[in-house]
Ligand code: HEM
């Protein structure tokens, strides 16, 4: 009797552990170890060469993964070109004439398919690995990317408009947007630290520099040269003072009221996220460590696994 009881406790524990582990480990770092042992190194070489050629490309690749994951999960949907059956996310407001890096993704896909001898690596996984390799190439932290995402056969411009946060969002809008993706306030602050690299167009920060009062005056004046009240929509400003380095200057800029976007400065504006911004501003080790953790969390948003979706032959079109 006792042994039967022990057995059933054991069985329950086993089933529980199995359910929990399949729920959380549908992606795994060694997913391509057998099917394509050279997959990760071939992605890294293309990313390294692209960043060497143009440092900003690292920022653009990081942003691509973010905009992919925030629209129906990390499923490569951002990469699909417009077609009669695809309402491309590339034409959504946050992406149109703004998101870039697609040619590098094509180059990676070609290199990785060649290295594998067959198309086994999904475009969604390529984005996740390219984002990590870009961060590393610009001096940021590394992390183990979990793999096995499959590619969507659909895209949604409407979902992209509804789910990608906007630069005019308030702190509470940012918090609830991230919450809707299963990410908390800490994830919001640390992932916004992605703005330690890259650039923004004048059109995205014009209202902040002309209408907001929580901005350093001299800094605002300098930005007005780059971004006049009318015209110059495509003129670029770096998102922090060191746009090619993955450091914590983004956070110290916020403390000095030198955030470029309204949404950036919202993170340090007398609200609940001030303390964390302060901490990351003087503790780049903590920033790097937490950024890596939250990137893994973001990369786990609703992946297609198993027999769902497909592995695309060309990242721009469904098979
Ligand atoms: C918190 C909400 C966020 C908002 C409102 C936001 C908004 C923006 C905007 C408006 C730009 C400039 C786009 C342009 O001028 O065309 C930008 C650039 C960028 N964003 Fe975000 N973003 C957010 C979060 C994130 C996250 C979580 C990441 C990555 C982890 C990220 C990574 C980037 C990067 C790297 C760039 C520069 C891209 C380049 O230079 O090509 N952003 N973001």
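Cβ coordinates are placed from backbone N, Cα and C, and glycine is handled just like the others.
The feature active site, proton acceptor is assigned by TrEMBL to 67. For residue 67 (active site, proton acceptor), other Cβ atoms within 10 Å of its Cβ number 22.
Within its own chain, residue 68 (Ca(2+) 1 binding site) has 74, 75, 76, 77, 78, 79, 124, 127 as residues 6 or more apart in sequence whose C-beta sits under 8 angstroms from its own. Marked as Ca(2+) 1 binding site by TrEMBL: 68, 71, 73, 75, 77, 89.
Taking the Cβ of residue 165 (substrate binding site) as reference, residues of its chain lying under 8 Å away and at least six apart in sequence are, in sequence order, 70, 173, 174, 177, 178, 263. Mapped onto three states, the DSSP output places residue 165 (substrate binding site) in coil. Taken from TrEMBL, the feature substrate binding site applies to 165.
Residues annotated as heme b binding site in TrEMBL: 195. Under DSSP, residue 195 (heme b binding site) is assigned to a helix (H, G or I) in the three-state scheme.
What TrEMBL lists as Ca(2+) 2 binding site is 196, 240, 247. Under the three-state DSSP scheme, residue 247 (Ca(2+) 2 binding site) falls in the coil class. All chains included, 20 other C-beta atoms sit within 10 angstroms of the C-beta of residue 247 (Ca(2+) 2 binding site).
In this structure, residue 36 (disulfide bond) belongs to neither helix nor strand by DSSP; it is coil. Taking a C-beta cut-off of under 8 angstroms and a sequence separation of 6 or more, residue 36 (disulfide bond) has the following same-chain neighbours: 112, 115, 116, 117, 120, 121. TrEMBL lists 36-116 (among others) with the feature disulfide bond.
Cβ-based neighbour count (10 Å, all protein chains) for residue 69 (disulfide bond) stands at 29. DSSP assigns residue 69 (disulfide bond) to a helical segment in the three-state reduction. Annotation source TrEMBL lists disulfide bond at 69-74 (among others).
Packing around residue 123 (disulfide bond) is summarised by its Cβ count: 30 other Cβ atoms lie within 10 angstroms of its Cβ, all protein chains included. Look at TrEMBL and you will find 123-315 (among others) tagged as disulfide bond.
Among the features that TrEMBL reports, disulfide bond is placed at 202-227 (among others). Other Cβ atoms within 10 Å of the Cβ of residue 202 (disulfide bond) number 19 in total over all chains.
Marked as signal peptide by TrEMBL: 1-25.
In the structure shown, the C-beta of 196 has more C-beta neighbours within 10 angstroms than that of any other entry among the binding-site residues 77, 196. In the three-state DSSP scheme, residue 116 (disulfide bond) is classed as helix. Residues 68, 71, 73, 75, 77, 89 make up the record's Ca(2+) 1 site, and a Cβ search at 8 Å around their centroid adds 67, 69, 70, 72, 74, 76, 78, 124, 152, 155, 159, 160 from the same chain. Long-range neighbours of residue 71 (Ca(2+) 1 binding site) (same chain, six or more residues apart, CB within less than 8 Å of its CB): 77, 78, 89, 155, 156, 159, 160, 163, 164. Closeness to ligand 1 is met by 165, these being the recorded positions among 69, 74, 123, 165, 196 whose Cβ falls under 6 Å from the molecule.
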